[in-house]
Every structure is written in structure tokens, then in C-alpha cells.
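According to TrEMBL, the transmembrane segment annotation covers 30-53, 230-251, 257-275, 313-333, 353-377, 449-477, 497-521, 561-584, 599-622, 634-656.
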């Protein structure tokens, strides 16, 4: 079968250039304007970071604040020796108002220790426990009011419940106590005078907080497991790294066997499926109700009903038969292209073997991505905490008309709002502001996210161009590995930064714009979930799907454009156009190679992750008798096992990303080689001997010799 159309709608094939011997060294800078824009954007990004770091205060996120917005346990403040936050009535933290204001509508104070006993205000007022109780009242409390006035004004909590600190906040501890009685369906507290106070809602709130305490215990146990098993986790990850490297080496020898075994297995599985469907179809013959058609049955929520119909199994059998015929026909007509894909995969293993330092480059990409993530996260935190303390009125929303309005805690007690709502409190609500800077915070956060996408995509593009240049140097070396440059990876990296920063920034910018649009669509989708507008939801779903597809296409186009940039040194648009036309002129080869490599990478990841995961399971569950005493004792054996599995997948993905870039680069070089050269002494092929044998190509000069 002849190759795809060589010219026409997808451009003309590459012409022979006697001076071309691989990646061009004498090249010029490309897309300089985009490079300037990137540098200016980075300067602006640094300025945003400085502004955020000047105005922001991460303590607002980390440390608790009382009702006056003052930090608990911070040196240099009046609460320096009071590290814990105490809630007067933690049940009110479950109020819907918390979701709107991000603050519990109950007085909160900083305390030295969380309460450790059950005690009511009425009981403590007339006993020696009053000094202990006073430390949980508002600062400066004077015992010059009656009981009703104190509880009405929120000067003291009505009752204390034993609590446990978590994240510097006092949460009720659930355990038995002699002062708590069950009377019918009500929980009551019996004080020293025999007076029973109904505190059902407080206990219910404490039960809710118990889940938080259990989560804390879970976190502590997980941390303990990591402290005793980290050494073995590292060993497991090293094993995953060695297996990934071994798999790539074995692909040079076993790629063909693995691909053909996969194809035969797919054919056998489909054949068994056809046989099974026929047997079920024959078994249902004569059974009552099996002859009912799918149309007559209609839609049923219990899908198992359809398995009792002969027509269902007939449909399955027809579908599987069609798939079987299609696969067999593809094998007949695409056999040669499958062999070419296998040969390219084997050649990629050789290329990686000659440029072994390429396997370490993902560490550079990982380090740079960590820097981008750290800068973005820290800037986002500082921006979100660069507001001023806002105080609002908290009260009964049904009886207090000024609930939710801003107030001044210094003058609230003598204000009209206080007289209008006697039971209301003016307390810290959240951090905000009305200045121009505060109004621009949302835009700065969007800019922060956009720059994160841009710089992250730039880092990934730099890695792709670097690897593509190194592997292209291997392919275009006529006598491998003698003609290979001394440091192909370092040379490619320096060329990418010196000449093509602008082109990489251009490609990353296009992708970042699409990604920030997708983030905005997700935000709008979350806002529209509450609205019952089916058309808006349908439109949003269509837009999300379209931009998802657009992002995938741009990633594919950018990847191949970066390969052309690494080889020829052209600008981004020219490289993208040439790569796209080259691939479209060989679209069938592209599809076959893509699916074959996808299968091999999936098989490799499953093999590595599965093998290391099974080994970790048998080791940490003490099922390997030889080393049974070596495995550490654990609270949860799944903690190190999941860590090893996830880490193994990331390691395998890093190795196969290098290998995948190598396959794609060699494939484009192979297509260019076919178009540029004809095997003559003046225009010899640069492809390997296996590829030339598959295509019945020879270099005349080599043949004559």
C-alpha cells in the first residue's frame, strides 16, 4: 500500500538539503516579542508577590483568632500565653451562617488551657470554682452583673464541657461523666444543687466534634506508620525505578513479541465473547419472556432485566463480531505499519541507551515545577490574607434586623444597634477591605493562577525541546553512536534557552489561556449548580467539553511543534504548521504508532505498579516468611502500600514520558528522512537497518561496499 498523499492540502514534502545533518547549530532567536512579554510578565508576577508578601499575613490562615480578630498564642500580643481558641457555644458553629461568614456566630476567646471539667455558670458562681470559670469569660469580666445579664450579654459561657485541643481550637471530648444523666430521650446536666439543666444541644454539638477528634487520631497513627516504614518505602520506590529502567531496556528486544501477544489476546477475548453470547442466546430459547423485544420492554432501572432477553445477547454478539472483523481487516492492511511502529519503539530504546542522562532530566522538570507551585501557593496565601479585619453583628436573624451588618467592637456596647438587639454581639467575621487594593484582589488572584499555568507549561515545554534535541541528534547521526555529539542533552538545553525562549513562551501562553478559561468555566459551573436552568447547564457542559478537546489538541500540536523547533530552529507558528502537515501526510502511521505506544506504556505502568504493589502488600502484611520479622509493626498496613503504589506510578510515568518523547521525536525524524532522502550516495537514509529492511530501502553506497 502506498503511503498517504504526499502533497496538496497538507503542504509539500521536505526537499533535500545537502547541508542538513541533524539539529541546526547556527540558528537565530525566534519569537522575540513573546520572550519580552514573558520577561515583563515575570517582573509583574514578582511585583505581585512582593505586594502580597507586604500586605499579607499567613498567620490568619494558620492561627485562630478570637472575636476581636486577635491571634491566639502569638508572641508580642496580649494573647501570647493563650494558645487555644474557646467557643462559648460550639453548637452554633453548625449554623448556615458559618458558610456565609466563615465564622461561628458565638463569642470566642483565647485561653491558656481548654476546659477539663463539666461546670455551669450558675453552679460556679456560688462555689470556689468561680476563679477557674472566669478564665473562660471575656477578657476584663467583672462580676458586677446578675446571672441573667451575664448570660444575655455573652460575658461568660453558660456551661463548660471537657474539651480537647485540635489545631489550637477547643473541641468537646465525648466520654462518660458522672454529671451527665440520660432522662428519657433528653440529656441533662445535674449540678451541685440538684438542679437539672437541659444541655442536649451542647452534647449533640460535641458528638459532631468527635468526628474531628477521630480524624486527628487517624492522622497521628498514619504519621507513626510513616516514621517506622519510610526506609522500606524508599526501597520500594528504588525497586520501581530499577524496574522502569529494565522495562525500557527490554523493549528493545521484546517490543514485537509484546505487541503481537496483545493483538492475539484481543482477538481471542473477542472470540470468546462471541461464543459466550451465542451460548446465552441458545440457552434462553424457549424460556418464558425471553422473546420480548427491547423496544417493548422499554427502559428499566435494573439493567439485569435485559440479560434475560435473547435479543440482548444477539445485539452483543453482533457488536463483538463487527469489532472482530474490523480488527482482523486492520491487521491485514496495516501489518506493515505495525511493524514500522515496533521498529521505531526498539530504536527508541537504543537512543535512550546512548543518551542515558535523559532519564535524569525529569528531576530537573520536577524541581522547576515545585518552584512554580511553591511560588503560586505562597502568593495565593499572602493575597488571601492581605485583608483587614471586618467585624459584623451576630444575633438572632429572626428578631435582630441589623444582623450581618458591620460594626466597631470598641463602640458597639453603646451603639443604637446594641440597644436594638440586646442579645447580639459585635465580633470578628472575616478579613476584607474597601480600598482599591482590596477590590483588585480577585484580579490579582486570577493573574497569579494564569502565571502559574504559563510558567508550568513553559517548564514542560523546555523539557520537551531539550529531550527532542538530544534524541534528534541521535537519529541524524549517520554512524551511530560515533557521530553523536559529546553532550547532546546539555547542548539541546542550552540551545533551547538561548534561542527559543520566546517560542516556548508562545506555545505555553496559548495553552495557559485555554486552561484559565477552563478554570473560569468550572467556577461558573459551580455557581450555576444552585440555579435550575437546564439550558445554561447544557451550554456550560458543551463549553467545558469543547475547551477540554481544544486543550488536548493544543498539547498534541505543541509537542510536535517543539520537536521541529529543536531540529530546525524555526519559530513556533512555522514549526507547528510544518509538524501538523507532516503528520497529516502520514496520518495512518501516526494513528498506528500512537495506539501501539499507548498500549506498551499502559502495559509497562501496570506491570511496574502491580509488581511493586504486590511485593509491598506481602511485605507489610508479614506474609513473606523469610523476612517476616523485618517488616515494621503498623497501625494501618495500607499507608505504606498506597504510598509505594502512588510513588511507583509517578516514577514509571517520569521514565515513560522520556521514552514517549523519544518515540515521537524519532518518528518525526523518520518521516522527514523518507521525504528528504532516497538512499543514494548523495542522499543516504539515516534510519536504522531494521527500518530500511521493513521498507525495502537501502543506501546504495553501503550496498556497493
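Glycine too: its Cβ is placed from the backbone N, Cα and C atoms.
353-377 is the stretch from 30-53, 257-275, 353-377, 449-477, 497-521 with the greatest number of Cβ pairs below 8 Å to the transmembrane segment (634-656). Remote same-chain partners of the transmembrane segment (313-333), defined as residues 6 or more beyond its termini with a Cβ less than 8 Å from a stretch Cβ, comprise 1, 263, 266-267, 270-271, 273-274, 277-278, 280-281, 284, 294, 307. Listed as Cβ neighbours of the transmembrane segment (353-377) (distance under 8 Å, sequence separation of 6 or more from its ends, same chain) are residues 49, 245, 249, 252, 448-449, 451-452, 455-456, 459-460, 462-463, 466-467, 470-471, 474, 480-481, 484, 488-489, 654-655, 657-658, 662.
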